[in-house]
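Okay, so here's the structure we're looking at.
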Amino acid sequence: MATERKALFLFFGGTGDLAYRKLYPSLFNLYKKGNLRSHFAVIGTSRQAMDDDKFREAVRKSLADSGNRADSKEAMDFSSHFYYQAHDVTNTAHYSVLKEAADKLDKKYKLEGNRIFYLSMAPQFFGTIAQDLKSQGLMSTNKDAFNRLVIEKPFGRDYDSAKQLNDALSKSFEEEQIFRIDHYLGKEMIQNIEALRFGNTLVESLWNNRYIDNIQVTLSEKLGVEERASYYDNSGALRDMVQNHIMQIVSLLAMEQPVAFTDTDIRAEKVKALRSLRVYNVADAATNFVRGQYGSINDQPDYRHEDNVPEDSTTETFVAGKLLFDNYRWSGTPFYVRTGKMLADKFTRVDVVFKRPLVDIFAFPQSQNTPLAANVLTIFVEPHAGFSLQLNAKTNDAGFSTEPIKLDYLVDAEKSKETPEPYERLLHDVLKGDGTNFSSWPEVSYAWKFVDQIRRVWDLQEPQFPNYTPHSMGPAAAEELIQRDHREWIYRLNK
Ligand SMILES: NC(=O)C1=CN([C@@H]2O[C@H](COP(=O)(O)OP(=O)(O)OC[C@H]3O[C@@H](n4cnc5c(N)ncnc54)[C@H](OP(=O)(O)O)[C@@H]3O)[C@@H](O)[C@H]2O)C=CC1
Ligand SMILES: O=C1O[C@H](COP(=O)(O)O)[C@@H](O)[C@H](O)[C@H]1O
């Protein structure tokens, strides 16, 4: 039986794309499961004028768009908890009107003062909103109640701006009240990394530089920038995907075992791992990171001819890089990462490549045997969830030769339908006050310091763009990056 959580949600940017496409359907799932029942209310805000009925209709449409029946009793009941308040976040006077509405709903639904402020709008407003929430008395003063602030990405565009933002938020909210969303941390198989590592002696005992040759993280996207070009062109793949999602995945792969499975202990280990990540000097940044921008194919425009992209844009739509940890566990074992738009396919995977046996006894002089393949443990994150372990085995015949075979575990299609969407999980965690799957400030700051060095070097040089063909796996430089170390990407096209 699900535990009911009581709270008032205030969505800033409550009529935006993210709210309608992800946030309201996720809340509805929590409602259907009983995590939200009668003691919750939602205030959606934005500048436009709208009454509650119109807002509720839009909310029901968003449920329908995500596969629900908009006219079901459940959808009607759920949407009756939604209220709309026109509100300009830059107008301090508007906050007192919002406070009145919040206090009224608090009484009506017996919410015990619990408040979740969800900032789902352009980041330049985050600081102002947090400040006015406090100064205008929106935060509950009930000592047993919680006030939680949920922040969407991007959290800054470099270390300095992120710090500035964090300082602004910290004037109103304590670190444990701030939930910085990284939706990759809400994905089933990303959360499974901890189970795989710390639940299996077989895995964790080999999880180090003595046995692992390298680890590869690939976040590949098939689509281009679509309708988000004006945001994306100011960001690029390094800021959009590496600073947050990839750094979070890498820290889960690299961290030591936490003392206990709590948010404080897990975050402490992730931070320790990120502290030992080598921040590159100029020369190493230039060698260890490569970038790309997609060209055109058939009648499909290149990146520079997408809507809202300047014709001389030097924004990268692809990144590949090598990360090195200077610590006892990982010294000498590189982590290769890559991500990009308009690549061969949409998928996310982690390939853990083990060292080959020190002696290949099957490779005696007269043997026809091909050299032993490396053992590879693959974590399939999306679109299919599962693991695969590549081992060497004897071929099933009268002779004696070896071949690589795979032990596969794939979550079946029926079961994966039950997997909660990342936003549903993360909203549930916010309701519970569990910060495990959110980025803490120290994690964000170490990630920015690392990424800033790459950016600094790239900003000094004019790139030769476009440099990769759509539906490939990125520019030749990404192959050269890994081949230089006498290695290759485990996921390759046509394999
Ligand atoms: N959409 C997505 O898929 C993703 C979005 N994000 C992040 O989520 C956040 C929201 O994105 P998204 O929903 O796409 O953005 P939208 O542009 O779709 O929505 C922005 C919202 O903010 C409101 N708004 C803008 N200015 C003001 C103002 N001065 N006062 C009050 N409300 C205002 C808008 O309404 P109005 O103009 O009527 O005031 C609208 O409701 C961003 O931080 C984005 O980076 C992160 C990952 C994915
Ligand atoms: O945060 C972002 O992630 C999406 C990719 O997310 P996924 O869950 O579909 O893998 C990316 O398209 C977007 O540019 C970025 O802002």
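If you go along the chain as it appears here, the first residue is 1 and each next one adds 1.
Just so it is clear, glycine is given a Cβ too, placed from its N, Cα and C backbone atoms.
Of the residues proposed, Asp160, Asp167, Asp240, the one TrEMBL records at the same substrate site as His183, Lys187, Glu221, Lys341, Lys346 is Asp240. Cα of Val89 (NADP(+) binding site) to Cα of His183 (substrate binding site): a span of 25 Å.
The Cβ of Lys341 (substrate binding site) lies under 8 Å from the Cβ of Glu221, Leu223, Gly224, Val225, Ala237, Tyr294, Tyr303, Thr317, Phe318, each of which sits 6+ residues away along the same chain. Closest by Cα distance to Arg47 (NADP(+) binding site), from the recorded positions Lys187, Asp240, His245, Lys346, is Asp240. Here the CA atom of Lys153 (NADP(+) binding site) lies 11 Å from the CA atom of His245 (active site, proton acceptor). Only Arg47, Val89, of the recorded positions Arg47, Val89, His245, place a Cβ under 6 Å from an atom of ligand 1. Checking the binding-site residues Asp88, Asp240, Lys341 for a CB within less than 6 Å of any atom of ligand 2 leaves Asp240, listed in sequence order. Mean pLDDT for the domain 'Glucose-6-phosphate dehydrogenase C-terminal' (195-489) in this predicted model: 96.
In sequence order, Arg47, His94 constitute the residues six or more apart from Asp88 (NADP(+) binding site) in its chain with CB-CB distances below 8 Å.
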